[in-house]
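Step one of this worksheet: look at the structure below.
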Amino acid sequence: MAHRFPALTPEQKKELSEIAQRIVANGKGILAADESVGTMGNRLQRIKVENTEENRRQFRELLFSVDNSISQSIGGVILFHETLYQKDSQGNLFRNVLKEKGIVVGIKLDQGGAPLAGTNKETTIQGLDGLSERCAQYKKDGVDFGKWRAVLRIADQCPSSLAIQENANALARYASICQQNGLVPIVEPEVLPDGDHDLEHCQYVSEKVLAAVYKALNDHHVYLEGTLLKPNMVTAGHACTKKYTPEQVAMATVTALHRTVPAAVPGICFLSGGMSEEDATLNLNAINRCPLPRPWKLSFSYGRALQASALAAWGGKAANKKATQEAFMKRAMANCQAAQGQYVHTGSSGAAATQSLFTASYTY
């Protein structure tokens, strides 16, 4: 039976589907450069660089001004509001620099967490008020996709059914509003890696969360072909004493996705969740070699796992431009190969690439 009140026109659906497919075509993934001022400050502090708007702009200019060949591995970049309106040293808006490289521009749309009363420190996400107006303005300003991060954690009686349902509905409402305004919604339900839970526990919780999210997306008439999913990989908690291989992570992850994510979704772009750069690449490669049906493109949407080596190479010094850009390009290409199951670990990664990037209760 045809839906009596269609949410989108055929033209809107076509545009959304084409944008989503462009982002994940041929092993391409997403650079998440949407860190808030505070989060970026924590990163700069580690390399002893002051957290000023100019220093944030300079580092992002290094990432965005790399050789045009970056478009072979990066299909989209998520920006923070500040960055969307910043310019490079020649006076060109960053968003135009990216578009000229054939990269799709995205924006962070959620406004952080708010406590869910009556739960064990669980949260829901703020930002739905005024979202339609913000999306409309961002579309005019050249943005083609959005991102909304909901956070769930594994702990005593967590995640509760209330937290799962509340966050699933917020994600679905956001996705619907995005699509009405011509933006592809990246749906990000993150099960945090904090805790000592094992792989099986994370898989169980991830399946419950994803099932609720896709039920909510269906209830809200979201056009799945015009969305992307940004989930956590299924991993053991950071404090778990048992260690798992990339192949075990891959099997648990693809099994969870296979049970919950419709084949209509064009791409699944994993978050790195505080893994080292190298671990994030190895796990993604194993996922794309997993001997289970994989009807979606399985790619990456990494922040720390694409930037850590580059940030360490930069150190706040303009003279380190070449080394910074080479470090970023190397990680981007490695993840593009992993998104096609073709990455070969050479063992020649620098210290920054193998260092854990985990931060407890991580917030953007």
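Cβ atoms are placed via backbone N, Cα and C, with glycine included.
Here the structure is a predicted model, which means the values were calculated and not measured.
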Where does the N6-succinyllysine label fall among Lys48, Lys121, Lys321, going by Swiss-Prot?
Lys121
If Swiss-Prot says Arg43, Ser272, Gly273, Gly274 bind beta-D-fructose 1,6-bisphosphate, which of Arg22, Arg60, Arg294, Arg304 does it name for the same site?
Arg304
Span of the beta-D-fructose 1,6-bisphosphate site, taken as the largest CA to CA distance across Arg43, Ser272, Gly273, Gly274, Arg304 (Å, rounded to a whole number):
16
Given the recorded positions Ser89, Lys230, Ser299, Ser309, which one's Cα is the least distant from that of Gly273 (beta-D-fructose 1,6-bisphosphate binding site)?
Lys230
How many neighbouring Cβ atoms, not counting its own, are there within 10 Å of the Cβ of Ser89 (phosphoserine)?
9
Lys230 (active site, schiff-base intermediate with dihydroxyacetone-P) versus Ser301 (phosphoserine) - Cα distance in angstrom:
7
Within 10 Å of the Cβ of Ser299 (phosphoserine), how many other Cβ atoms can you find? Include all protein chains, please.
31
